[in-house]
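Feature annotations, reproduced from TrEMBL:
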- 24-47: transmembrane segment (TRANSMEM)
- 67-86: transmembrane segment (TRANSMEM)
- 98-118: transmembrane segment (TRANSMEM)
- 130-154: transmembrane segment (TRANSMEM)
Amino acid sequence: MVLPAHQVTTGFDARLRNLADRKIASVLLLQQLLYYRTYFDLIWLSYWAVFIFDQYWEGLSLNDNDIVRTVFFILWFLSEPIRLFAGWYGNLQENVPWLIIFTILTVIPQMGTILYLMVGTFRRGAYTKAIQWCQLVYQLADLFVGVYAVIVMYKRQKHQYYLFEYMLNQRVRERRAAERATAAATAR
């Protein structure tokens, strides 16, 4: 194991902000998609609530035999706020792990819900197909822009890290050269 030549401190180093080549890694398109996603989700939920009550409300009870749809809606309700928070936080804080969580949650529970509601439900009409196609297109846009944001952010942060390490080690090298020069001058 090689120990560093300089003192290592944990946490954020303020000198990183002073780099001349510091680029903002957030993706504006992802932020816009996440912002408008909340409004579209409210419209989507309202449509499905009206559809389910219109189709399955009989007297004073709701007779819906599609238990799989109920399970998918519960998964969607649990994962959507976490997914949106992970996208917002990961993008604005330039935090790659949170963006990876956003991308995974976009694929696993969300895509299954959308595809089941598009293909697997019983009473499908033109409106349900249309709103599910809109939801699918929006979800795919979230997925592709999320993957793009992860790649771009990773590359920029890697570049910033290597530049920071170069600058930090350059200062150490300059200090050592100055110490050697003064030691050689005093030895004469």
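Here the Cβ of each residue, glycine as well, is placed from N, Cα and C on the backbone.
Beyond the ends of the transmembrane segment (67-86), by six or more residues, the same chain brings 34, 37-38, 41, 48, 98-99, 101-102, 105-106, 109-110, 112-113, 116-117, 120-121 to within a C-beta distance below 8 angstroms of the stretch. Within its own chain, the transmembrane segment (130-154) has Cβ neighbours under 8 Å at 25-27, 29-30, 33-34, 37, 40, 44, 47, 87, 90-91, 94, 96, 99-100, 102-103, 106-107, 110-111, 114-115, 117-118, counting only residues six or more beyond its boundaries.
Long-range contacts of the transmembrane segment (24-47) within the same chain, counting only residues at least 6 positions beyond its ends with a Cβ under 8 Å from a Cβ of the stretch, are 80, 84, 87-88, 91-92, 94, 127, 131, 134-135, 138, 141-142, 145-146, 148-149, 152-153, 156-157.
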